Amino acid sequence: MPLPCDTILQAALIVTQDDARTVIEDGAIAIHEGRIAAVGQRDAIVGNWHGVTVIDMGESLIMPGLVNAHTHASMTLLRGLADDLPLMDWLTGHIFPVEKGLTGELVELGALLGCAEMLRTGTTAFSDMYLIEDATLRAVDRAGLRCLAGEAIFAFPSPAYADPETAFDLVRAQHDRWKHHARAALAVAPHAVYTSTPAILARCRDLAEELGLPIHLHLAETATETAQCIEQHGARPVPYCDGLGLLTPRTTLAHCVDLTEGEIDLLAERGVTVAHCPESNMKLASGIAPATAMLGRGMTLGLGTDGAASNNSLNMFTEMTSCALLHKVHHMDPTCAPASAVLDMATRGGAHALHMQGIGRIEAGCPADIIALDLRAPNMQPIFNPASHLVYAATGHETRLTMVGGEVLYLDGCYTRFDMDDLLKEVRKARTWAMEQVRAAR
């Protein structure tokens, strides 16, 4: 007699991203209480399981939801506000002045817009570092994605705190509010070496240990950052942070562009994870992170979009394409960054960066964080190697279904938890606010 389950999801092709990287033709997934109960051939699943709901995606490819290992979701409101500038000019001359006027309502609005974009392009979980992260998590709670959120901690006031001394209590309070949430988690997020002091970084380390939280930090993003760190602290960013005890297996470092071979060895030895953000690094001309060298040392890399103000999208499919092509031409080696490795970064690697067990793969016992892509799209046919299509052909807009914890959040153009038209009306109002902030900063 068939076993009961909540949902049976069927499709022409399933890319599991399990340890064997199994691909199943004419497959199905049994989902119960938010987790995958079984995955296999359609006939076997339908014969062994009885679903209350059956969703037949037909000529679609089912795969794990993508994981954005580093972003600033609310910066969707600043998309296109300032472009074609070096990182520090972009930050200090344009972004920071506008961010001074942020409110919780604006952060929540921008984060919800970011969630909508991610759901529309197949992302089910993301690691966020920004301001007023309680507001980001309210948007996450509304939209239904998973999120590891870190309040950016600076050596100066932010819209979330007037005194940096209070930032640590703020993070404690955020942790207390969200620690039992099924899809949200907290990280300790010192913004960067150049916006912190040794004392603040040490307190971030201690707070992470106290609360059992991971650390999320921008590091070694540019040569300018390195030069400044040497001038102020007498060391390059990686050894400087290592001396402060920040580099552990619970640490995810965003960017890691300006690294020496010895620093790559040190990061590998410490077991840190790196969030590689190729499109943002290219757009800001920050450089090319030595991703292939890090992978060669056995390091785990996730893939991140960075914020929509420096990318300018949160689309993980286009990020995969850029990642693969960038490293091939950089090394003049077409075997660099193969599709399978890049797909791993966007799924399993991202799951590792978020410290969320079981996401980024489709296998029994794992959370049912699943997306389905339309194989009827002209750019998706004919299909020989699914990983190749996902990295080199898919654009993200083939996404038909996005599911988190067995719950359908997006299906064929419709969001199930919020009204997109209402959201866009509020976003248009926020554009007016942003332009006023720009004029006031001049």
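Cβ coordinates are placed from backbone N, Cα and C, and glycine is handled just like the others.
Per Swiss-Prot, Zn(2+) is bound by H70, H72, D306; the candidate from H175, H218, H389, H397 named for the same site is H218. It is 12 Å from the Cα atom of H72 (Zn(2+) binding site) to that of H191 (substrate binding site).
In three-state terms derived from DSSP, E99 (substrate binding site) belongs to a helical segment. For E221 (substrate binding site), applying a Cβ distance below 8 Å and a minimum sequence separation of six or more within one chain yields L87, A192, A254, H255, C256, V257, D258, N281, S286. Sitting within 8 Å of the Cβ centre of H70, H72, H218, D306, and not among those site residues for Zn(2+), are the Cβ atoms of T71, M129, A254, H255, A275, C277, S280, G304, G307.
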